[in-house]
Amino acid sequence: MGFTEKQEGLVKESWEVLKQDIPHSSLRFFSLILEIAPGAKNMFSFLRESEEIPQNNPKLKAHAVKVFKMTCESAIQLREKGEVVVADTTLKYLGTVHVKSGVKDPHFEVVKEALLRTIEEAIGEEKWNEEMKNAWGEAYDQLAEAIKAEMKNHHDETA
């Protein structure tokens with residue numbers, strides 16, 4: 001079964017709520033990543049030099065927004081096209097950056113957990129449910145698979 005219109009709607013609806021306080025959501029997202037996997041700190045150039053998560057770091061905010069937006073766009077594409085379609089240049093770049101940063105499969109799960117918890121907190125318990133969690137989870141998983149495939153291509157090209 002493909003990604004449904006309802007799933008797409010759930011992702012879009014919660015994205016609208018998330019967008020209302022991007023600075024807080026971005027900070028929370030990275031706080032959760034480091035809470036789940038403290039060692040991940042060194043994978044982010046904008047966190048390496050800092051003892052704590054920088055409150056007003058534009059790179060941190062920009063990175064979090066990219067993750068949120070790309071996952072939301074993945075949901076829309078999954079319903080419309082049945083797959084995640086990311087521009088080749090963007091995907092190639094994402095693959096290269098993730099390889100250079102030393103990203104492995106388990107890291108994608110850490111980001112997924114942090115993403116889902118950030119969204120849950122942002123929209124509140126009364127709106128968060130299993131359907132919404134599954135919709136965001138599926139959209140993220142498909143995006144992660146596209147990035148992993150490109151990482152493999154990068155490994156194959158440089159091997």
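The backbone N, Cα and C atoms fix where each Cβ goes, glycine too.
The domain 'Globin' annotation in Swiss-Prot covers 2-152.
Confidence in the motif 'Homodimerization' (35-39), given as mean pLDDT, stands at 89. Residues or ranges marked as motif 'Homodimerization' by Swiss-Prot: 35-39 (among others).
The heme b binding site annotation in Swiss-Prot covers Ser45, Lys59, His63, His98. Classification of His98 (heme b binding site) by DSSP places it within a helix.
Residue counts for the motif 'Homodimerization' (105-117) under DSSP, helix first, then strand, then coil, are 13 helix, 0 strand, 0 coil. The annotation motif 'Homodimerization' is assigned in Swiss-Prot to 105-117 (among others).
As annotated by Swiss-Prot, site 'Homodimerization' applies to Lys133. There are 15 other Cβ atoms within 10 Å of the Cβ belonging to Lys133 (site 'Homodimerization').
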- Expressed in Å to no decimal places, the gap between the Cα atoms of His98 (heme b binding site) and Lys133 (site 'Homodimerization') is 25
